[in-house]
């Protein structure tokens, strides 16, 4: 067993040297191998679709227990009127945002903090027992809730693999953190059909 001691004058940087060595050894030994992937891109490009395909295939082919949240558009006669939010583990669905009602406003939509916290935040906390945590999405609507932000932070502090949809330009501290810590894929018209398989392969490599 290799044992190394670092010594030197006070303030010379001994702790910094040890920290850098420990970080390098952890990277090389595979200790920091929890995979965190985020997809981003323009509105309507298919980010949620990519994530849904990945989660569904990993659950079907690998038997992974999937937890977390999924959002979807609510349309009426072709017009988008809001968004739903779904707990992937229980199937419970609520209203994330609507052009009607009350709540913090994002564009023309009012965010339903009650369902965002009752379903969204709770789903993420309960997903800590799952094999893969899906977060669709971390964006301006979801970031209106402190409870949701806290739940995402709890996920990030865990050792669980995460697959997330990340708003492309949010300046929120949580979004900035995820851009630094996650492997980020940008969805566009050219890659959105092949991207699910690429992400699936990344997760399978880490198993």
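Just so it is clear, glycine is given a Cβ too, placed from its N, Cα and C backbone atoms.
If you look up TrEMBL, you'll see 41-48, 132-139 marked as ATP binding site. In the three-state DSSP scheme, residue 132 (ATP binding site) falls into the strand class. Cβ environment of residue 132 (ATP binding site): 55, 58, 64, 65, 66, 67, 68, 160, 161, 162, 163, 203 lie under 8 Å away, each six or more residues apart in the same chain.
Per TrEMBL, the feature domain 'AAA+ ATPase' maps to 33-190.
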Other than its own, how many Cβ atoms are within 10 Å of the Cβ belonging to residue 138 (ATP binding site)?
23
